[in-house]
Amino acid sequence: MSQGEAAGHGTAKPQDQGWAWMVLLAAVLLQGLTLGFPCCIGVFFTDLQHEFQASNSQTSWFPSIMVAVLHGGGPLCSILVKRFGCRFVVMLGGLLSGLGMVSSSFCKSISQLYLTAGLITGLGSCFSFQAGVTVLGYYFVRWRTLANAVASTGVSLGFTLWPLLSQYLLDEMGWRNTFLIFGGILLNCCVCGAIMRPIQLASGSLPQSAKPEEEPGNRAEEAQMSNGASPHHPMLQQHTRRTKCFQVLQKYLAFDIFCQNKGYQIYTIGVTWMMMGFALPHVYLVPYAIHNGVEERKAALLISVIGFINIFIRPLTGLLSGHRVFTGRRIYLFSLAVLLCGLSNFICVISAEFSVLILYCVILSIAMSGVGALTFQVLMDVVEMDRFSSALGLFTILESVTLLIGPPLTGLLVDITSDFHYVFYNSSFFLLSAALFMGLSFCALEKKNKLREASKAHLDNPSRYQYSETLTEPKAENQSPPAVEYITTV
């Protein structure tokens, strides 16, 4: 057993009962603290601009870096979980998040915020969130789906509470003291990590990892040694390093699936393009409302409205998408939700009245619930489950790139034109084009696959990588999840 496995599996504990529910409660709090936190940054947007004399583009880099690192740090988090265990990584993430926000309160320039709040807090949030989701897989087997659904409500709670708390603290003591308090609040991730005690899985349920002599790199090394080569030979060492590097890339970034699986290729490109516009309303909605004369407290309430509605709509969307009517059609339901997100932005262009913006938040929240509930379910539909974690690695890395560059580029356009309407024009363009691309491409792919199947003499041997949805048998109760699994969310 590796050191990471030893750290992740301690004293024997029963699953799906007892302490597992305390772990679930900690996971809810974790998701509210980590995934919900970036939504409140828009509340500080105007104050940071005035403090540092920064443009819209310069200021928007700060939340963009935070969200991009939060989504794109999955492979690094997985390596740490395998090496040190989930509990350690959750607590490390809490320390980094708290340190990042405390340091941010002393920043003298907007560029320093990129490092402290953007990189350090973003990376800490990534570690705490993704390791916290992973540990749920060990504590829950029979109720795993329910546990993940309940844990995801923490995101909606964070969306609801963080903006309200931010505006109150900002009014009372300014942004620097508020960031200092946020550092203390985020340290509660360490408390959540302490609750996540290591668990010993049932005998025989641990996934069997490949033995050293079975790995390709070791087999190549043995072949060289059998031919008389020294294990310290420079050529052999270089070949071994290359092989191990290739194995890591295959495990965490599945380029082979991207090249061969058309469904995964279309979906990854579509979601990556979509993310250029998806985060824009979260970053610019509050500044847009304040710019148009809405009171600051009311402007902060807009984000809370989105989060509050998400609490109820997201679980319902998940249940609806699981109905047999949508079997094999979830990609079209996802595309419809993205399309609705894009169309809803035109409401803000029509009017910036507070009542109109509330209507916009209600419609946007319903559409966002569909996107959030279906993003990874659709990914499971287009990729074989034994390669899901590696496919997810490439997926999150690519979407983090567009999450990083989308808001600053739009902010630059706003700086040039002095017109906030371009935020919503841009968002609609990326969302609508992504929805149409995914929907039409999967429709064409489905027709092509049907024609191919009809022309085959043997229907029992479908293409390994064609887009199809197969119903899988539920896991046995004593079966554990992979030793390393990282999950992100929208």
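Note that Cβ sites are derived from N, Cα and C of the backbone, with glycine treated the same way.
Because the structure is a prediction, the values reported are computed rather than measured.
Confidence in the domain 'Major facilitator superfamily (MFS) profile' (20-451), given as mean pLDDT, stands at 84. Sequence annotations record features per position, and here TrEMBL assigns domain 'Major facilitator superfamily (MFS) profile' to 20-451.
Below 8 angstroms of C-beta separation, residues 59-60, 62-63, 66-67, 70, 90, 93, 97, 121, 125-126, 128-129, 132-133, 135-136, 139-140, 147, 150-159, 161-163, 165-167, 170, 175, 178, 182, 185-186, 188-189, 191-193, 195-197, 282-287, 296, 299-300, 303, 306-307, 489 of the same chain, each at least six residues beyond the ends of the transmembrane segment (21-45), sit close to that stretch. Summarising the annotation, TrEMBL assigns transmembrane segment to 21-45 (among others).
Taken from TrEMBL, the feature transmembrane segment applies to 61-81 (among others).
The transmembrane segment feature in TrEMBL is assigned to 88-106 (among others).
A Cβ distance under 8 Å defines the sequence-distant neighbours of the transmembrane segment (112-139), meaning residues of its chain 6+ beyond its ends; these are 8-9, 13, 15-16, 19-20, 23-24, 26-27, 30-31, 33-35, 37, 48, 61-74, 76-78, 80-81, 86-87, 89-90, 92-101, 103-104, 147-148, 151, 179, 186, 189, 192-193, 196, 199, 201, 480-482, 484-488. The transmembrane segment annotation in TrEMBL covers 112-139 (among others).
Here TrEMBL flags 146-165 (among others) as transmembrane segment.
Positions annotated as transmembrane segment by TrEMBL: 177-196 (among others).
The region 'Disordered' annotation in TrEMBL covers 206-235.
According to TrEMBL, the compositional bias 'Basic and acidic residues' annotation covers 211-222.
The list of residues near the transmembrane segment (266-287) in space but at least 6 beyond its ends in sequence, with Cβ under 8 angstroms from a Cβ of it, reads 38-39, 41-43, 45-46, 56, 60, 63-64, 67, 163, 258, 299-300, 302-303, 331, 338, 341-342, 345, 348, 357, 361, 364, 371, 375, 378-379, 382, 394-395, 398-399, 401-403, 405-407, 410-411, 414, 420, 423-424, 426-431, 433-435, 437-438, 441-442, 445, 490. Under the heading transmembrane segment, TrEMBL lists 266-287 (among others).
Look at TrEMBL and you will find 299-319 (among others) tagged as transmembrane segment.
Beyond its flanks by at least six residues, the transmembrane segment (331-351) meets 267, 274, 277-278, 281, 285, 288, 321, 357, 359-360, 363-364, 366-371, 374-375, 378, 381-382, 421, 424-425, 427-432, 434-436, 438-439, 442-443 of its own chain at Cβ-Cβ distances under 8 Å. If you look up TrEMBL, you'll see 331-351 (among others) marked as transmembrane segment.
The transmembrane segment annotation in TrEMBL covers 357-379 (among others).
Here TrEMBL flags 391-410 (among others) as transmembrane segment.
Annotation source TrEMBL lists transmembrane segment at 422-445 (among others).
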Which listed stretch (61-81, 146-165, 177-196, 299-319, 391-410) has the most C-beta pairs under 8 A with the transmembrane segment (422-445)? 391-410
Folded-back contacts onto the transmembrane segment (299-319), same chain, C-beta under 8 angstroms, at least six residues removed: 36, 39-40, 42-43, 149, 152-153, 155-164, 166-167, 282, 285-286, 289-290, 357-358, 361-362, 364-366, 368-370, 372-374, 377
Which sequence-distant residues neighbour the transmembrane segment (88-106)? Criterion: at least 6 residues beyond either end, Cβ under 8 Å. 7, 30, 33-34, 77, 80-81, 112-113, 116-117, 119-129, 131-132, 135, 176-177, 179-180, 182-184, 186-194, 196
Distant-in-sequence neighbours of the transmembrane segment (177-196), which means Cβ under 8 A and at least six residues beyond its ends: 22-23, 25-27, 29-30, 33-34, 37, 44, 86-91, 93-95, 97-105, 117, 121, 124-125, 128, 131-132, 135, 166, 169-170
